[in-house]
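Novice: Pasting the feature list from Swiss-Prot:
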REGION    1-265  region 'Amidoligase domain'
BINDING   Ser13, Lys186, Thr187, Lys188, Pro189, Thr190, Gln191, Lys222  UTP binding site
BINDING   Ser13, Asp146, Ile147, Glu148, Lys186, Thr187, Lys188, Pro189, Thr190, Gln191, Lys222  CTP binding site
BINDING   Ser14, Leu15, Gly16, Lys17, Gly18, Ile19, Asp71  ATP binding site
BINDING   Asp71, Glu139  Mg(2+) binding site
DOMAIN    290-542  domain 'Glutamine amidotransferase type-1'
BINDING   Gly351, Leu379, Gly380, Met381, Gln382, Glu402, Arg469  L-glutamine binding site
ACT_SITE  Cys378  active site, nucleophile
ACT_SITE  His515  active site
ACT_SITE  Glu517  active site
Amino acid sequence: MTKFIFVTGGVVSSLGKGIAAASIAAILESRGLKVTMLKLDPYINVDPGTMSPFQHGEVFVTEDGAETDLDLGHYERFIHAKMKKSNNFTTGQVYESVIAKERRGDYLGGTVQVIPHITDEIKHKVREGAGDVDVAIVEVGGTVGDIESLPFLEAIRQMRSNFGRKNTLYVHLSYVPYIAAAGEIKTKPTQHSVKELREIGIQPDILICRMDRELPQDEKRKIALFCNVEENAVIGCYDADSIYKVPGMLHAQGIDDIICEHLDLSLPPADLSVWNGIIDAIEHPARSVNIAMVGKYVDLTESYKSLSEALKHAGIHTRSEVNIHYIDSEEVERDGCAALKGMDAILVPGGFGKRGVEGKIKAVRYAREHNIPYLGICLGMQMALIEYARDMAGMPGANSTEFDLETDFPVVALIDEWVNHDGKIETRDENSNLGGTMRLGGQECVLESGSLAARIYGAEHIVERHRHRYEVNNHYIDRLEAAGLKISGRSAGAEKLVETIELPNHRWFFACQFHPEFTSTPRDGHPLFKAYVEAALAYQADNK
């Protein structure tokens, strides 16, 4: 029978529940358990696909094409399980399902209420998402005390009655502030947060205290006393310079032993040697490299979370410190490319909308003309193609129809038909809804033999994840190739969509329509990012 660990948060948001939950999962996995993770989001949006990156941060795409919370990216980076659509659901999805059942008459004319109908649907989705694993770790989004979270908290409260104490465990993450003016650590916010949880029927079994310093034993005793938690179950989680140190931090305080005792699990000791190796590589780099990331969401770097982590993973596997310089594409558009001078490589990530596009094109041009390693991802590939069409292929004013419907050279245009992850033909036009209407999830790509792409991947058939609704217009491919652009990867289907491009006469110029960052992990890295960082290091060595 699957056992459930529920992780809640209190006092303030952005405490790092996802990292703490993923770290617990990593420790339990190292002890031989089959583990999965779920994220329950209390917002009413059906999914985060149409939400602004400035409000929500990155949208993480699963292999089966779900647009999900960025925490699922952390889950995949910390454990071996691959997340699916069922690993993340929202209030919007819950209500959508319940209302559909009511319309069908499934409730036999009964009054549909939050309890039991909404809470039953939440419990059903939790069980469905957990599947057949030893332990499912369920992170409840939001902060205890939020109105939006109440149905989710009630559902997980009921699950203890449904499955029993030996099969359920509650972990509460709370903020313990240090007041510098008084020179004191304050436990009262945590006491009140736990009090609020207990009022709705949930008694935490473990308290994780988020702090900027170590938690003294006296404060541990005080928290344990007032929160009705065993003293050894009050765990300190301190600010770390790498999120990959958190599993070791929690394990050192015995959190996995407490969990195993509570859930009646007899397991071999944790083996965190892989994590120790990762930390050693982070702390002892042999070199450093500077990469310019030119985007429009740089004021909130969480918008590029998987991408920045993928670059760090490449640093781990090349024994180098990767310094990411986030550069606003609007500033490049307005002020020119001075901020790019001294960089060892340039990267233009994905994005949507017209704002800052010309700055990204300037960055591409700078990389091409100065022979600096360039990596373009999704929109970054489209920018590279547009720049090349304008400057090298004799198509002045070339553009994407996303930005200019009247362009004479629509080298990038809306995809009107493609085959999705499940093999179903999808069709779209300019009037289609924005939500859930992109080319999403893992798609097979065929790489040209002998190309840079094939050398990077060491294969000619790959699968990478997508999230976009505009594609290279195949009508202009012959003209672009005649001007020297190489199309090195295409989709495996009959539509033969352009997936990768490169410049044979450039030291390292590569761009892809897919999002390789979604499959990079600290354990294995990703071949594309490793090759990119190696190219940046080589450029640095040649230009000392």
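Cβ coordinates come from backbone N, Cα and C, glycine included.
Thinking about packing and proximity, how do these listed features fit into the structure?
Specialist: Taking all protein chains in view, 15 other C-beta atoms sit within 10 angstroms of the C-beta of Pro189 (UTP binding site).
DSSP assigns Lys186 (UTP binding site) to coil, not to a helix or a strand. Around the Cβ of Lys186 (UTP binding site), the number of neighbouring Cβ atoms within 10 Å comes to 14.
A C-beta separation below 8 Å, combined with a sequence spacing of at least six in one chain, links Leu15 (ATP binding site) to Gly9, Leu173, Ser174, Tyr175, Arg210.
Under the three-state DSSP scheme, Glu139 (Mg(2+) binding site) falls in the strand class.
Shown in sequence order, Leu347, Val348, Pro349, Gly350, Lys360, Val364, Ala511 are the residues of the chain, 6+ apart in sequence, with a C-beta less than 8 angstroms from the C-beta of Gly380 (L-glutamine binding site).
Cβ neighbour count for Cys378 (active site, nucleophile): 22 (other Cβ atoms within 10 Å of its Cβ, all protein chains included). Secondary structure from DSSP puts Cys378 (active site, nucleophile) in coil.
Neighbour list (His515 (active site), Cβ cut-off 8 Å, at least 6 residues apart, same chain): Val61, Ser306, Gly350, Ile377, Cys378, Glu464, Arg465, His466, Arg467.
For Glu517 (active site), the same-chain residues that are 6 or more apart in sequence and have a Cβ closer than 8 Å to its Cβ are Ser306, Leu307, Glu309, Ala310, Ile377, His526, Phe529. Mapped onto three states, the DSSP output places Glu517 (active site) in helix.
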Novice: For the recorded ATP site, enumerate neighbouring residues of the same chain (Cβ within 8 Å of the Cβ centroid of Ser14, Leu15, Gly16, Lys17, Gly18, Ile19, Asp71, site residues themselves excluded), in sequence order.
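Specialist: Other same-chain residues near the ATP site: Gly9, Ala20, Ala21, His74, Glu139, Leu173.
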Novice: For Lys17 (ATP binding site), what is the tally of other C-beta atoms lying within 10 angstroms of its C-beta?
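Specialist: So the Cβ neighbour count for Lys17 (ATP binding site) comes to 26.
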Novice: Looking at Cβ-Cβ distances, which residues of the chain lie under 8 angstroms from Gly351 (L-glutamine binding site) while being 6 or more apart from it?
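Specialist: Correct list: Gly295, Lys296, Tyr297, Cys378, Leu379.
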Novice: Sort out the sequence-distant neighbours of Met381 (L-glutamine binding site) for me: same chain, 6+ apart, CB within less than 8 Å of its CB, listed by position.
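Specialist: Spatial neighbours, sequence-distant, of Met381 (L-glutamine binding site): Val472, Thr500, Ile501, Ala511, Cys512, Gln513.
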Novice: Taking Cα atoms as reference points, rank the binding-site residues Lys17, Ile147, Arg469 by distance from Thr190 (UTP binding site) and give the first.
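Specialist: Sorting the binding-site residues by distance from Thr190 (UTP binding site), the top entry is Lys17.
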Novice: May I ask for the distance between Gln191 (UTP binding site) and Gln382 (L-glutamine binding site), taken between their Cα atoms and rounded to an integer number of Å?
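Specialist: Distance (Cα to Cα, whole Å): 52 Å.
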